[in-house]
Amino acid sequence: MANQDFLNEINKRRTFAIISHPDAGKTTITEKVLLFGQAIQSAGTVKGRGSGQHAKSDWMEMEKDRGISITTSVMQFPFAGCLVNLLDTPGHEDFSEDTYRTLTAVDSCLMVIDAAKGVEDRTRKLMEVTRLRDTPIVTFMNKLDRDIRDPMELLDEVESELNIACAPITWPIGCGKEFKGVYHLLRDETILYSTGQGHTIQEVRTVKGLDNPELDAQIGDELAELLREELELVVGASHEFEQEAFLAGELTPVYFGTALGNFGVDHMLEGLTEWAPKPQPRATEERDVMAQEEKFSGFVFKIQANMDPKHRDRVAFLRIVSGKYEKGMKMRQVRTGKDVRISDALTFVAGDREHVEEAYPGDIIGLHNHGSIQIGDTFTQGDSFKFGGIPNFAPEMFRRIRLKDPLKQKQLLKGLIQLSEEGAVQVFRPLINNDLIVGAVGVLQFDVVVQRLKSEYKVEAIYEPISVATARWVSCDDPKKLQEFERKANANLALDGGDNLSYIAPTMVNLNLAIERYPDVEFFKTREH
Ligand code: G4P
């Protein structure tokens with residue numbers, strides 16, 4: 001039996017990530033969330049736009065230059081008796097693989113929508129990913145300080161486009177210059193908005209009840225009347241919040257507010273900490289592993305190099321699934337079967353790296369990695385199961401990479417393989433020649449790779465175009481047929497960074513012909529670690 005203290009630690013953990021379309025306000029919300037979590041003193045330190053300061057979660061130079069967040073960082077903070085782990089995800093489309101993997105490490109998601117724009121493309125895609133595991137979703141409609149679209153229409157759009165029922169928890173009163181606050185449907189009170197409080201926690205002013213004359217006095221007769229009318233409609237036309245449907249990923253509680261004005265983020269956090277699931281089980285080939293199991297286990301979903309130029313190391317991010325991490329404990333890396341003693345795992349409090357003494361299911365710890373840890377690796381306390389479901393996606397863009405100084409070929413290969421292990425890019429080595437082909441899901445990845453090869457591996461590389469349309473991982477149960485395939489299709493075969501056999505197709509037609517020609521060979525668009 002797990003002891004009560006251990007169970008309490010598990011029960012208070014909430015691990016989530018934010019999904020949104022670029023510019024919807026993810027960074028701003030992160031900043032305000034941390035402000036409420038008292039992890040930072042005043043908002044503005046996460047990404048001090050224009051002030052020369054940059055997000056504590058934005059680590060790399062590239063990000064600073066381009067103002068986009070490439071890396072995934074982890075922030076832990078207390079809120080309402082809970083310990084919240086917020087996993088930041090790269091917003092830019094080109095880094096979607098990282099985002100997908102991060103979504104395997106959370107138990108719930110916050111979906112942020114720009115209420116002036118509604119459901120946007122990237123949100124649609126990310127929601128598809130959360131569907132794979134029925135991750136519970138909390139929704140925040142942002143930018144109410146601007147002229148937004150009709151709130152009812154927004155809910156309809158979320159319901160029809162994302163196929164999830166909406167249960168409004170707060171309802172906005174006006175918008176833009178006329179934004180007065182929100183009515184909290186469950187608390188039956190109006191929370192009033194004041195402008196100019198974006199950088200601090202506001203003093204909360206509320207009016208209890210809808211028929212309270214004080215409401216008319218505060219927001220004006222006209223808006224108060226409109227609110228009463230609207231709410232009648234809203235209550236009739238929308239769903240009530242139901243915990244079970246939320247946990248099944250079928251219904252989302254919806255909040256309205258403005259991250260910039262720091263209004264409504266706290267309501268959302270209250271809902272999230274109250275309703276979002278505590279650390280959930282994760283599947284292995286053998287069985288589901290429960291959080292409350294005493295033996296430690298976890299999986300690596302992300303590897304990041306040189307987050308902080310002062311610490312020139314690589315860190316593997318591990319999500320704890322079960323048991324407790326204690327400083328100095330022994331862990332088994334299941335893929336290699338090796339037992340290692342871990343005495344310097346890192347935790348991430350608002351981007352600062354601190355050594356942790358202990359950590360619990362739902363927490364993320366950073367393991368120092370000297371090249372031996374790969375994405376997808378399972379660590380246990382002696383068990384031999386492996387967690388699954390951490391995807392690699394077939395790249396869609398390819399370039400040949402070549403050195404300016406040919407003497408450094410070994411260094412280039414080492415760099416590329418390490419970068420592919422951490423999922424920054426994929427590398428393919430054709431069986432028939434010494435080319436190195438870099439494959440990416442988004443074009444920005446190419447720039448990152450060249451930059452990192454230069455700064456971390458001291459090699460200057462350049463790209464050349466190559467006529468490759470797509471790649472597939474291949475496998476075949478019949479060793480004889482596989483051999484025959486390897487012989488016949490030799491010119492199109494390559495090994496990826498992890499030595500997995502892949503088929504490199506110059507055109508889609510070529511790929512389709514190959515699939516037809518070798519019916520016993522399976523061609524995979526994604527590869528699970
Ligand atoms: P992202 O991480 O999702 O990409 O979005 P981010 O928070 O960076 O916000 C994108 C832009 O939207 C920023 O403006 C930000 O200030 C603005 N924004 C975020 N929340 C709100 C809100 O509630 N109301 C309004 N009006 N704007 C909001 P920017 O012009 O790109 O940056 P800056 O020049 O203002 O620094």
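Backbone N, Cα and C atoms are what each Cβ position is placed from, and that goes for glycine too.
Record features, source TrEMBL:
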type: DOMAIN; residues: 11-280; note: domain 'Tr-type G'
type: BINDING; residues: 20-27, 88-92, 142-145; note: GTP binding site
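Neighbours of Ser20 (GTP binding site), defined as other CB atoms within 10 A of its CB across all chains, total 24. Only Asp23 of the binding-site residues listed as Asp23, Thr89, Leu144 bring a Cβ under 6 Å of any atom of ligand 1; the order follows the sequence. For the recorded site, Thr89 (GTP binding site), the DSSP three-state label reads coil. The Cβ of Asp23 (GTP binding site) lies under 8 Å from the Cβ of Asp114, each on the same chain and at least six residues away in sequence.
Cβ-based neighbour count (10 Å, all protein chains) for Leu144 (GTP binding site) stands at 28.
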